[in-house]
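Some notes on the structure that comes next.
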Amino acid sequence: MFANVPVLSLIIWLPLLGSLVVLLLPGRSGGAIRWAGISFTFVSMVLAFGLYASYLPLAGGGEFAEHGSWLSVPLNTEVMQDTSVTSYRLAFDYSLGVDGISMPLVLLTGIVASMASLASVHIFKRQKTYFSLFLLLQTGMYGVFLARDVIWFFIFFELTLIPMFFLIGIWGYYGREKAANRFLVYNGLGSAVMLLAFLILIATLGFASVQTDGGIELTFSGSYDTMLANLADPNAAAHQAGAWLLSDNLQWAAFILLLVAFGIKLPIFPFHTWMLKVHAEAPPPVVMIHSGILLKMGVYGLIRFAAFLLPAQLHSWSAVLAVLGVINILYGAVLACAQKEFKLVLAYSSISHMGIVLLGIASLNETGFEGAVYQAVSHGLISALLFLIVGSLHERTGTTRIDELGGLARAVPFTAGILLTAGLASLGLPGLSGFIGEFLSFLGLFSTMKALTAIGTIGVLLAAVYMLRSVLAMTYGPLPEKLAGLKEARFIETLPMVVLTAFIVLLGIYPSLLTDLMQHGFDGLLRELQTGVGG
Amino acid sequence: MIQTNTLTWSDTWYMAPELALVVATLVLAALDLALPRRTNRDWIGWGALAGLVAAGVFVGWHIHDLRSAAGAGEQTYHSLLGGSYRIDDFGNLLKLIFLGASALLVLASLGTVKREDVPIKGEFYYLFLPAVVGAMVMASSADLITLFLGMELLGITSYILVGVRKRTGVSGEAAFKYVVTGGTASAFILYGMSFLYGLTGSTNLGAIRGALGGAAADSRALIYAAFFLLIVGFALKLALAPFHAWAPDVYQGAPTPVTSFLAVVAKGAVFAMAYRLFLNTAYFQTDDSRLRGDVFLALAVLAAAAMIVGIAGALKQQSAKRLLALSGVANAGVLLVPLALDVTDLHASLFSEFLYYFIAYVFMNVGAFAVLTVILRDAGSDKLSAFAGLYHRAPWTAVAMTALLCSLAGLPITGGFFGKLFILFASVQTKAYWLAAILLATTVVSYYVYFSFIRQMYMRTGDTDGKVAVPVPAGIVIWLSAAATVALGLAPKPVLDWVGGVYSLAVDFVAR
């Protein structure tokens with residue numbers, strides 16, 4: 001379907017083009033700006049689905065890979081003893097790729113971003129700037145999931161940071177600037193730590209020495225594929241004593257740095273405070289993106305780099321990850337039970353649900369890994385839907401405090417029904433997507449760590465408590481007087497609700513849509529975990 | 001043995017860039033005297049600009065000549081005046097940057113510097129030229145005497161430039177502080193140099209390198225004293241923490257284009273001098289690795305201290321000029337990192353990392369200071385709050401400033417990002433992980449610092465809604481700087497290839 005079409009590049013760069021188009025439109029034509037913003041978002045989503053349609057799990061997406069040389073810095077060889085070295089370079093290439101792990105997340109990005117663009121019709125303030133930043137953010141997000149060079153990954157990761165800072169800081173609620181600052185500093189710290197880990201990996205795993213007719217060519221490369229190949233190759237420079245040795249200490253340093261970097265994004269327990277502020281203060285479409293996609297960048301990074309490139313460390317720390325996961329699950333769930341603001345219930349519930357992802361990764365088996373990604377996708381859809389509803393309720397009632405709302409089932413039956421469905425999906429009701437992700441993750445972990453799995457499942461019970469407590473309080477009971485004239489959601493609002501619900505149901509009853517995709521995605525990692533590490 | 005080496009006619013061609021500036025200075029000074037008072041002194045400014053461009057053309061010519069010489073396998077440097085002055089690629093690259101930066105500064109001043117503020121506008125413009133000559137001499141010298149002369153020429157002219165707003169109290173205060181600290185720095189450096197001369201019997205850098213090994217064996221303590229004094233002197237000149245306390249006051253008191261000159265050209269010239277001196281003396285003492293290691297360590301500690309103190313000081317700063325001064329302290333630390341990394345088999349290319357970040361630094365500082373000039377002219381205050389609502393009052397300037405700030409903060413895709421990335425990679429590659437960690441940590445804090453401008457520009461409303469008038473020359477400089485900053489980020493390869501292809505460690509630094 002995409003013979004000779006650089007479809008990955010198109011998915012990434014079309015939103016950027018859209019961002020420029022929006023900037024060139026006159027500021028007064030709000031309608032045109034909105035439609036340009038929405039259509040460019042949809043084009044990338046359609047391309048993402050096209051990619052899905054022609055993706056063959058067994059081939060691993062190799063036919064879509066794109067590679068172009070971008071930056072090759074000559075390094076000085078003047079004081080080098082070995083005179084047969086003809087070329088000594090630092091190379092960062094433009095390389096993109098898709099596989100069983102990134103494919104589901106690219107789809108998620110397409111769906112959630114498109115629905116968030118529809119939800120953005122509530123934004124009237126500075127629409128032009130809003131939509132150009134919104135599109136720029138998409139370039140960053142698609143780029144993160146598709147980049148196959150660590151430096152490009154880093155650039156895209158940072159590229160999501162700047163638009164998000166503005167989107168929170170300009171269009172947020174009362175405490176927006178504080179939330180934006182905290183977002184910036186925490187995530188800035190995360191990416192700095194990540195960069196240090198990447199540089200360590202480039203200087204060791206990324207090093208390759210190639211003997212040619214002319215002499216020896218030495219290259220430091222940021223290419224993920226090169227790193228994977230060097231990891232598997234016992235003769236690679238990274239495994240030999242010398243300047244490029246990836247020593248045990250360095251491996252651990254890189255692993256812990258990556259764990260912290262993606263742990264902030266995920267977020268893992270002590271690093272979560274920034275994300276509560278963002279959930280509470282950012283405008284609803286931006287939270288849909290944030291909770292639906294940006295947190296998943298942490299999951300993706302953890303699997304792609306920490307797990308795939310440092311499997312030995314993952315193996316020895318699987319128990320630590322599982323404990324961190326259980327802490328996340330219980331901490332998030334307990335605090336969610338105590339919140340009075342629905343947005344914060346959802347924020348804590350996100351922490352709890354992301355803990356399940358950690359359990360999946362800690363299981364070290366295919367079921368668990370698939371569960372982790374499944375949970376990431378499912379949580380992305382569910383939280384996007386919940387925040388869509390939050391936005392539409394806030395637009396009408398001016399509040400999302402649980403004690404100020406009630407009787408919505410009578411006033412706005414459709415919205416209330418969707419809210420109930422989303423709540424049930426979130427607590428893991430079988431038949432909806434949340435169940436599959438949780439089930440696979442717990443199942444994976446059960447084969448290795450039974451006690452922790454048992455403790456973790458308490459979180460699922462608590463999820464039922466806090467979800468039903470808040471959702472039922474909002475939908476049933478007496479309708480507060482000041483909400484008497486409440487109007488039902490308009491078509492433009494119901495459309496994304498229906499679409500997101502449809503995907504949640506679809507993934508709930510037909511999970512192989514995603515699990516088939518992921519089938520061969522973890523082969524390499526599992527092989528490393530079984531043979532390379534040994535235990 | 002003292003040789004008398006006069007300037008021969010053939011040498012004048014190699015000195016053409018410097019001589020062009022000297023001639024331009026003399027002509028403009030005479031014109032300033034002769035022209036009636038009422039004549040607009042902006043013409044002097046255009047004249048100074050022409051002089052800078054002419055000198056730049058000569059430098060470009062020399063680079064081209066050296067390239068063709070390299071192609072023909074000939075010697076790629078010229079040594080003048082008994083080996084005390086060198087025309088080589090290291091010097092030429094830096095001269096080109098100094099001239100370009102000064103030209104941008106002068107251009108940005110045209111139309112923004114007011115006579116009420118700077119009563120002696122003629123002097124203001126033509127005094128930039130001898131200052132640049134000083135910087136160029138510092139970049140090209142291979143002898144302690146000429147190095148020092150260049151430094152003093154640059155120093156003395158910039159003392160005047162700092163005090164050029166002679167009716168303003170803060171300007172006088174700044175000039176005085178600058179004279180005192182500049183003089184102290186010169187004294188330290190000169191004292192250190194005198195030890196080097198006394199121990200090695202020569203002022204020529206090449207000869208010092210040859211004799212230093214023997215001298216170090218005999219009188220180790222004196223060598224350490226020499227390097228200690230030199231390092232302190234350079235740290236004072238570069239405003240590296242803990243020798244940076246003068247910088248915010250001086251930067252704030254000086255007219256903004258001069259501030260920018262101090263931040264960019266004066267700093268670059270001292271770095272050029274430090275490179276020449278340290279690479280020629282300490283670095284290649286392979287038989288004395290302890291001395292080498294200690295000098296590296298001292299520089300690394302200074303760099304770390306400058307990054308930490310600079311950015312920590314900038315955190316709570318409300319004055320934009322003082323903030324940029326402290327950001328300059330932090331950036332001087334970053335620029336010092338390549339010099340402070342050990343030379344190993346695998347890593348010898350200290351200069352490309354330095355030069356790439358320096359070019360990015362030049363553009364982001366010149367651009368940011370040009371924006372500041374425009375704001376100062378409009379609001380009369382350099383408070384951060386003067387930037388409030390800039391996005392509504394001058395959208396294009398605000399967008400350009402955002403690009404410059406992203407570069408200062410080291411965010412992609414800008415020159416500042418790649419500059420820091422290369423320096424970081426160099427430190428990871430040489431296993432100086434602690435230095436890399438400090439660089440990264442300070443970078444994160446700097447997000448907060450630079451985004452305080454962005455918060456003001458995009459998220460606050462100003463006192464007025466009126467459009468900010470941006471004079472055309474300043475607008476050109478702002479946009480040129482912003483575009484160059486982004487271009488350096490989008491395509492860093494051409495500059496790096498160029499630097500890598502032109503510069504050679506062995507030819508340029510190991511002076512003969």
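The backbone N, Cα and C atoms fix where each Cβ goes, and this holds for glycine too.
Annotation comment: TrEMBL describes A:88-139 as domain 'NADH:ubiquinone oxidoreductase chain 4 N-terminal'.
If you look up TrEMBL, you'll see A:147-455 marked as domain 'NADH:quinone oxidoreductase/Mrp antiporter transmembrane'.
The transmembrane segment annotation in TrEMBL covers A:6-25 (among others).
Per TrEMBL, the feature transmembrane segment maps to A:32-55 (among others).
The annotation transmembrane segment is assigned in TrEMBL to A:101-123 (among others).
For A:130-147 (among others), the entry in TrEMBL reads transmembrane segment. Long-range contacts of the transmembrane segment (A:130-147) within its own chain (CB-CB distance under 8 A, at least 6 residues past either end) are made by residues 8, 11-13, 15-16, 18-20, 22-23, 33-34, 36-37, 40-41, 44, 48, 95-98, 102, 105-106, 109, 113, 116-117, 120, 123, 153, 155-164, 166-167, 170-171, 285, 289, 293-294, 297, 300-301.
Residues or ranges marked as transmembrane segment in TrEMBL: A:186-208 (among others).
Beyond the transmembrane segment (A:252-274), the same-chain residues lying 6 or more positions past its ends with a Cβ under 8 Å from any Cβ of the stretch are 179, 182-183, 185-187, 189-191, 193-194, 196-197, 200-201, 294-295, 297-299, 301-302, 305-306, 309-310, 313-314, 317, 324, 327-328, 331, 351, 354, 357-358. The annotation transmembrane segment is assigned in TrEMBL to A:252-274 (among others).
What TrEMBL lists as transmembrane segment is A:286-310 (among others). Sequence-distant contacts of the transmembrane segment (A:286-310) (same chain, at least 6 residues past either end, Cβ-Cβ under 8 Å): 101-102, 105, 108-109, 112-113, 115-116, 119, 137, 141, 144-145, 150, 153, 157, 160, 164, 167-168, 171-172, 194, 197-198, 201, 205, 224, 227-228, 231, 251, 254-255, 258-259, 261-267, 275, 278-279, 343, 346-347, 350, 354, 357, 361, 369, 372-373, 376-377, 379-381, 383-384, 387-388, 390-391, 524-525, 528.
Within the same chain, residues 255, 263, 268-269, 344-345, 348-359, 361-364, 445, 448-449, 452, 455-456, 458-459, 462-463, 465-466, 469 sit at least 6 positions outside the transmembrane segment (A:316-338) and bring their C-beta atoms closer than 8 Å to a C-beta of that stretch. Summarising the annotation, TrEMBL assigns transmembrane segment to A:316-338 (among others).
According to TrEMBL, the feature transmembrane segment maps to A:376-393 (among others). Sequence-remote contacts of a segment are chain residues at least 6 beyond its ends whose Cβ falls under 8 Å from one of its Cβ atoms, and for the transmembrane segment (A:376-393) they are 104-105, 107-108, 111-112, 115-116, 119, 122, 283-285, 287-289, 291-293, 295-296, 299-300, 342-343, 346, 349-350, 353-354, 357, 400, 405, 408, 415, 418-419, 422-423, 425-426, 433-434, 436-437, 489, 493, 496-497, 500-501, 503-504, 507, 514.
The feature transmembrane segment is assigned by TrEMBL to A:414-436 (among others). Cβ atoms under 8 Å from those of the transmembrane segment (A:414-436) belong to residues 349, 353, 374-375, 377-379, 381-383, 385-386, 389, 392-393, 408, 460, 463-464, 467-468, 470-471, 474-475, 488-489, 494, 497-498, 501, 503-509, 511 of the same chain, restricted to positions at least 6 beyond its ends.
The annotation transmembrane segment is assigned in TrEMBL to A:442-468 (among others).
Only residues 6 or more beyond the boundaries of the transmembrane segment (A:489-510), in the same chain, are considered here, and those with a CB under 8 A from a CB of the stretch are 111-112, 114-116, 118-119, 121, 374, 377-378, 381-382, 384-385, 388-389, 392, 412, 414-415, 418, 421-422, 425, 430-436. Residues annotated as transmembrane segment in TrEMBL: A:489-510 (among others).
Residues belonging to the domain 'NADH:ubiquinone oxidoreductase chain 4 N-terminal' (A:88-139) score a mean pLDDT of 89 in the model.
With a cut-off of 8 Å between Cβ atoms, the residues of this chain six or more beyond the transmembrane segment (A:6-25) that come close are 32-33, 36-37, 39-41, 43-44, 47-48, 50-51, 64-66, 96-98, 106, 128, 131-133, 135-136, 138-139, 142-143, 146, 156.
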